[in-house]
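Let me give you the structure first, and then I'll get to my questions.
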Amino acid sequence: MTLFPIFADLTGRRVLVVGGGAVAVRKTQALLQAGAEVVVGAPRLDPALAALAEQGGIARLDGGFEPAWLAGAWLVVAATDDRAVNAAVSEAARARRVFCNVVDDAELSSFQVPSVVDRSPLIVAISSSGVAPVLARRLRERIESLFDHSLGQLAALAARYRPRIRAARPDLGQRRRFYDWLLDGPVAARLRQQQPGLAEQELEQALRAPQAAPRGSVVLVGAGPGDPGLLTLKALRALNEADIILYDRLVSEGVLALARRDAERVPVGKLPGKGHDATQARIHALMLAQARAGRRVVRLKGGDAFIFGRGGEELEYLRAHGVPYEVVPGITAALACAAYAGMPLTHRDHAQSVRMVTAHCRADQDTLDWAGLARDQQTLAFYMGVGQLDYVTARLLEHGRAPATPFALIENGSRPEQRVVTGTLADLPEIARRRGVRPPALLVIGEVAALADTLQWFGQHQRGLPGPQALAA
């Protein structure tokens, strides 16, 4: 360890910033956030610094650097683009035993400013000892993705209740388990949901119940269409905090690979024609049993849980049984598959609206407004439609949709094996059969589908019926 990590209390303490440009602006703003009394010395000031000086937010020293500027300073930051000036600041600071940071110059610095993840009062600092600042910034970005912004509120709440927690849990082992519950349980969940009052109620109840059984929870997470890079930061955090993951058939291996290594994984996917209602009842029972056992359950669904994902039914069940829950949206197939096919769902010249439709309705029910769906100047996105292509095509043509309307079938959208098959509505079922389209596939119908022929950028693209050679193969 070449540098000793230290956090300095600069509240009300004089810090000198030498330089008046953009770098000096950033350093000054950071120091002001830490409560420092900032003095900026430079011949000219950036407008932002000049405004701060006029408002009394900082003091100003005009002209070129002079060692006398260091009088009373606890720290100095040299932020000029002139190495000779920076060296003079460094030498003067060394002579007066004042710590000096020269921006982007480790050789002239006696301290380094780390990359910071700020969840005040929790602060995470990352330093490369001045050797590789880019690496430190990259690590900061990754750490930022792991910590919800409510973590600072949680740290402040824990600090405020620390004496009471110590009194209620005098045994060290009990206290550690209580803090684990505090960090991972319903209190943290309430803060993530922007409900600080309810968070404090949860904490008060736990303190009044000396040995309360652990209380589990469920997070309903949308996994997106398959590309793990489309997972949201909040979804990633949920996967890394899960004790058990109940995942659907269409969740990709790449997404599951991002989950906590020791989390239990239970597949609960539904297969076509295999009794969905019975499977859904099993999912409900599993969520309830695992949550009541005190476990953190992630219910992981392909796409978005609230777009043809039966997420609403699952929340109703959890609410009826008193299980706390959260919802993390995912990128639904219509948005992701269209984007990966290079196909805008709306376009000023072609479509002023989008309709997401399930082609997999409840048995013996078809309540769709086919006359409305057949209108032009709109885009239709059919989910779960591969087995219903003949029916969908017939109904749209019957209600007046033009036979020449373009379509696109996006198979395995956003995954390495993605394939886009395009053509016109009249030939849709035949093209799909001859091309061997298989689920999962999203069907897009509308003028925008033709743009996939020219704007496609990812995976394979096949247009129309296969030629004789392809048929022979």
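Quick reminder: no glycine exception, Cβ is built from N, Cα and C everywhere.
Annotated NAD(+) binding site per Swiss-Prot: Ala22, Val23, Pro43, Arg44, in sequence order. Among the features that Swiss-Prot reports, phosphoserine is placed at Ser128, with the record citing sequence analysis. Swiss-Prot lists Pro225, Gly302, Gly303, Asp304, Ile307, Thr332, Ala333, Met384, Gly413 with the feature S-adenosyl-L-methionine binding site, giving sequence analysis as the kind of evidence. Positions annotated as active site, proton donor by Swiss-Prot, on the basis of sequence analysis: Lys270.
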What does DSSP call Arg44 (NAD(+) binding site) in the simple three-state scheme?
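DSSP call for Arg44 (NAD(+) binding site): coil, neither helix nor strand.
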Through the lens of DSSP with three states only, how would you label Ile307 (S-adenosyl-L-methionine binding site)?
coil
Please identify which of Arg44, Lys270 has the densest Cβ environment, defined as other Cβ atoms within 10 Å, among these recorded positions.
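Compared across Arg44, Lys270, the most Cβ atoms within 10 Å surround Lys270.
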Sequence gap of 6 or more, C-beta under 8 Å: which same-chain residues meet both conditions with respect to Ala22 (NAD(+) binding site)?
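Sequence-distant Cβ neighbours: Asp46.
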Look at each of the binding-site residues, Pro43, Gly303, Gly413, and point out the one with the fewest other Cβ atoms around it within 10 Å.
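Output over binding-site residues Pro43, Gly303, Gly413: least Cβ neighbours within 10 Å is Pro43.
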Considering Cα atoms only, can you say which of Val23, Pro43, Arg44, Ser128, Lys270 is the nearest neighbour of Gly303 (S-adenosyl-L-methionine binding site) among these recorded positions?
Lys270
Across all chains shown, how many C-beta atoms besides its own are within 10 angstroms of the C-beta of Val23 (NAD(+) binding site)?
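Around the Cβ of Val23 (NAD(+) binding site), 18 other Cβ atoms lie within 10 Å.
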If you pair up every Cα among Pro225, Gly302, Gly303, Asp304, Ile307, Thr332, Ala333, Met384, Gly413, the residues annotated as binding S-adenosyl-L-methionine, what's the maximum separation in angstrom, rounded to an integer?
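In whole numbers, the farthest two Cα atoms are 16 Å apart.
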Applying the rule Cβ within 8 Å of the centroid of the Cβ atoms of Pro225, Gly302, Gly303, Asp304, Ile307, Thr332, Ala333, Met384, Gly413, what extra residues of the same chain belong around the S-adenosyl-L-methionine site?
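Residues close to the S-adenosyl-L-methionine site, other than Pro225, Gly302, Gly303, Asp304, Ile307, Thr332, Ala333, Met384, Gly413: Gly224, Leu250, Phe308, Gly309, Gly330, Ile331, Ala334, Ala336, Cys337, Tyr383, Leu442.
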When a 10 Å sphere is centred on the Cβ of Ala333 (S-adenosyl-L-methionine binding site), how many other Cβ atoms does it contain?
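27, counting other Cβ atoms within 10 Å of Ala333 (S-adenosyl-L-methionine binding site).
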For each of the recorded positions (Ser128, Pro225, Ile307), count the other CB atoms lying within 10 A of its CB, then report the residue with the highest count.
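The largest 10 Å Cβ neighbour count belongs to Pro225.
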Work out how many Å separate Arg44 (NAD(+) binding site) and Ser128 (phosphoserine) at their Cα atoms, rounded off.
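Cα-Cα distance, Arg44 (NAD(+) binding site) to Ser128 (phosphoserine): 32 Å.
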Of Val23, Pro43, Ser128, Lys270, which is closest to Ile307 (S-adenosyl-L-methionine binding site) if I measure between C-alpha atoms? They're all recorded positions.
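Answer for the nearest of the recorded positions: Lys270.
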